[in-house]
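First the structure, in the form of structure tokens, and then the observations on it.
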Amino acid sequence: MNIEQIKQPFTDIFLGDFSDNPMQRNTPKVLFATVKPAGFDGPKLIAFNETLAEETGLGPYEEKDLDFLVGNNLPENVKTYATAYAGHQFGNWAGQLGDGRAILAGEIISKDGKKTEIQWKGSGATPYSRHADGRAVLRSSVREYLMSEAMYHLGVPTTRALSLAFTGEDVVRDMMYNGNPQLEKGAVVIRTAESFLRFGHFELISAQQEYKTLQDLVDFTIKNYYPEITTDGIEKYKHFFESLCTRTANLMTEWFRVGFVHGVMNTDNMSVLGLTVDYGPYSMMDEYDLNFTPNTTDLPGRRYAFGKQGQISQWNLWQLANALHPLIKDEKFLENTLNHYGSYFWEAHDKMLCKKFGFDELRESDEEFFTNWQGLMQELQLDYTLFFNQLEKLNPESDVKSLFENVSYVVLTDQRVRKLEDFAKKYEARLISNTISREKSLSLMKQSNPKFTLRNYLLYECIEEINAGKTEMLEKLTRALENPYEELYPEFSAKRPSAYDDTTGCSTLSCSS
Ligand code: AMP
Ligand code: MG
């Protein structure tokens, strides 16, 4: 890999703490602190993403690069650092947080000018580790590595994953926070993004009333990641906030399209570029449920349930609006933009649903159709992904019971079959009124409805296998997630086996990582 081409433009521009002191502390007025990865004695490669390495300009992996994958023996040019951010966690201001288990190597620029930040997750403590160890376990590292790539191939904006390696060190974790600590294998993921900047970076510096730094940070963000913004002064900052709102609404729509629940939508986990960032207790949805909340830390409140992600993103943007107010200085504008967000999001969301159903355009009557459909999905506990796959096969002659029987998590009683038949009639009537051909309608459906989604139980099985020293499942899942709109493996196009209904780490997850 071309490790020698990695640079740190961020630390050249902004104020930082250059003491290299990993002791946990507040670092007021700065955006980062330099810190070295812990270093690990027994690194072992689990997976490497050759295509991403090529795209970023890092180039192919050689055996000598193994050290770099866990942050060992870094060359002179890799001056590592952790960034400081703040955030609202579960609705409350949490003050300074920061990269607690992530350390940045810096940025690389590909031949065609694409910028990519590179960071280790799980490579050791930083000033922002808040009494934790800065390590990550295999379980959470596999989940981040595979899911971020799965999202990328689904077409959802996301950070990506370059490598997954064992550290050779064991880590103690109490997975469900119930007084049951166990030793787990430690691992490190290298993840990449155009930028890892979060809402929380802006909130931190604004809360400290460091408005000059705030302005510099917004200018930096616009210059590097919002090239479409060409206005100046306050207009520029308004334009930035509007664009970020659009990107965020589009991201939420994409999460709804594929059935992704983030799990911890705190403002420190919200990307300023509109990317999915921080894969923790996330989950793809099996049976459709607007209340689905995989993160046990979020019970019983269900703040971050599947169906609430639109509203929550708006709440998070309110917090960012507060942070940006000293620059934009126009309450009315911020309020209007945020109010518009709600209507923009729901329209984008409904247009997305139209495509999933193969409808030509969004009509007023579709809203009622969608509400009825949601009720049906919820009541019959239909699998979100498989439902749409089966819907493509529906025609006026279909026997709906046999079409949807293997897609429901409850028994399809006669009464339930009647509800399905009723839905099918309404659906067909809506299709007939389409102004586009059936082929065009089917092609919309095929582009919007994945055949493969990375279900929790598959991840769970994959982690068990890697723990036992095997990687067949990892390789198979990698191929499947790289081609989510095809059915490469029929065994993956099936419901979650009932044996996994209540498995910890499968149907229920915690933030422990
Ligand atoms: P998260 O729930 O992943 O968004 O993390 C919230 C905050 O806790 C972030 O500042 C993390 O960096 C920090 N954090 C979580 N786990 C650890 C850990 N094992 N070591 C250090 N910091 C951590
Ligand atoms: Mg986080």
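Positions of Cβ are set from backbone N, Cα and C atoms, glycine also.
Feature annotations, reproduced from TrEMBL:
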- GLY98, GLY100, ARG101, LYS121, ASP133, GLY134, ARG191, ARG198, ASP278: ATP binding site (BINDING)
- ASP268: active site, proton acceptor (ACT_SITE)
- ASN269, ASP278: Mg(2+) binding site (BINDING)
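The Cβ neighbour count for ASP133 (ATP binding site), using a 10 Å radius over every protein chain in view, is 16. Of the candidate binding-site residues, GLY98, ARG101, ASP133, ARG191, ASP278, the one lying closest to ASN269 (Mg(2+) binding site) when CA atoms are compared is ASP278. DSSP assigns ASN269 (Mg(2+) binding site) to a helix in the three-state reduction. Secondary structure at ASP133 (ATP binding site), taken from DSSP and collapsed to helix, strand or coil, is coil.
The Cβ of GLY98 (ATP binding site) has 26 other Cβ atoms within 10 Å, all protein chains considered. Between the alpha carbons (Cα) of ARG191 (ATP binding site) and ASP268 (active site, proton acceptor) lies a span of roughly 17 Å.
Under the three-state DSSP scheme, ARG191 (ATP binding site) falls in the strand class.
Under 8 Å, Cβ to Cβ, and six or more positions away along its own chain, ASP268 (active site, proton acceptor) finds TYR85, ALA86, GLY87, HIS88, GLN89, ALA94, LEU97, ARG198, PHE199, GLY200. Least packed by the Cβ count within 10 Å, out of the binding-site residues ARG101, ARG191, is ARG101.
Here ASP278 (ATP binding site) comes close to HIS262, VAL264, ASN269: these same-chain residues lie at least six apart in sequence, with C-beta atoms under 8 angstroms from its C-beta. Neighbours of ASN269 (Mg(2+) binding site), defined as other CB atoms within 10 A of its CB across all chains, total 22. Checked against ligand 2, the binding-site residues GLY98, ARG101, ASP133, ARG191 give no residue with a Cβ less than 6 Å away from one of its atoms.
When every Cα pair among GLY98, GLY100, ARG101, LYS121, ASP133, GLY134, ARG191, ARG198, ASP278 is compared, the largest distance found for this ATP site is 22 Å.
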